[in-house]
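J.: Under the heading substrate binding site, Swiss-Prot lists D12, S13, Y44, G45, N76, S77, T186, H187. Taken from Swiss-Prot, the feature active site, proton donor/acceptor covers C75, C185, and the record attributes it to sequence analysis.
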Amino acid sequence: MNSPLAPVGVFDSGVGGLTVARAIIDQLPDEDIVYVGDTGNGPYGPLTIPEIRAHALAIGDDLVGRGVKALVIACNSASSACLRDARERYQVPVVEVILPAVRRAVAATRNGRIGVIGTRATITSHAYQDAFAAARDTEITAVACPRFVDFVERGVTSGRQVLGLAQGYLEPLQRAEVDTLVLGCTHYPLLSGLIQLAMGENVTLVSSAEETAKEVVRVLTEIDLLRPHDAPPATRIFEATGDPEAFTKLAARFLGPVLGGVQPVHPSRIH
């Protein structure tokens with residue numbers, strides 16, 4: 001039986017999942033969090049589904065083995081590649097980023113035309129398209145925006161170059177007259193201002209990060225594992241499988257003073 005004092009485990013292929021960690025911290029400030037950014041193997045978008053599944057489950061094994069009370073797959077590519085395997089494999093709740101965002105988009109749309117942007121792996125997996133299939137009277141337009149992740153990982157989230165890239169990627173969504181757009185990659189909220197500018201103010205952006213954090217709140221409440229308010233102050237541990245210094249520089253933009261330090265993950269621990 002898991003303890004309410006156990007941490008919530010969160011992982012992503014890099015820094016993008018920190019948008020989810022930030023949202024969880026904002027909504028559940030008392031919770032301990034252990035975050036692993038798989039920068040040594042990411043970004044996952046260009047990888048094959050079997051490669052993504054192998055990397056994601058290795059990190060999931062590590063976090064569950066360390067006693068987390070819930071596992072958050074804070075990566076759309078990993079959610080689409082290994083969610084079923086993870087839920088069969090682990091005896092803790094597994095929260096992913098796709099279905100929470102889909103529910104919010106269906107509730108938000110006014111004309112039934114919904115856009116989804118994500119990595120090539122996420123879009124070609126049809127995970128979002130399949131998740132929307134149960135929603136009546138919706139028309140889905142999905143577009144891969146692979147270079148967005150590269151810009152975010154380099155810390156470039158504004159400027160003419162990335163705006164021009166966004167306008168090119170998003171043009172099919174404008175032609176489809178979508179009124180709701182799912183940011184189907186946890187890196188993309190860092191580009192939300194630029195994406196909103198390109199799409200226009202009448203388009204509602206749905207952040208998978210915010211909706212996933214709400215799902216974590218719901219799940220922990222349902223199984224009575226919320227950390228008590230009178231527990232010791234929350235601790236947050238951030239780890240990277242790649243260069244911790246490079247991770248820290250980028251992560252500070254997501255978390256600010258909440259970040260603290262970033263610890264390296266020895267390759268022998270995740271295999």
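The backbone N, Cα and C atoms fix where each Cβ goes, glycine too.
Let's see these features in context: how buried, what's close, how far.
T.: Residues near T186 (substrate binding site) in space but far in sequence (CB under 8 A, at least 6 apart, same chain), listed by position: D12, G16, G17, L18, T19, V20, A74, C75, N76, V97, S208, A209.
C75 (active site, proton donor/acceptor) is surrounded by 37 other CB atoms, counting those within 10 A of its CB over all protein chains shown.
Around the Cβ of C185 (active site, proton donor/acceptor), 34 further Cβ atoms fall within 10 Å across all displayed protein chains.
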J.: Ten-angstrom check, please: count other Cβ atoms within 10 Å of the Cβ of Y44 (substrate binding site), all chains counted.
T.: 29
J.: Rounded to the nearest Å, what's the C-alpha distance separating S77 (substrate binding site) and C185 (active site, proton donor/acceptor)? Just drop the number here, would you?
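T.: Just about 8 Å between their Cα atoms.
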J.: Just the number: how many Å between the Cα atoms of Y44 (substrate binding site) and C185 (active site, proton donor/acceptor)?
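T.: Counting only the Cα atoms, the answer is 11 Å.
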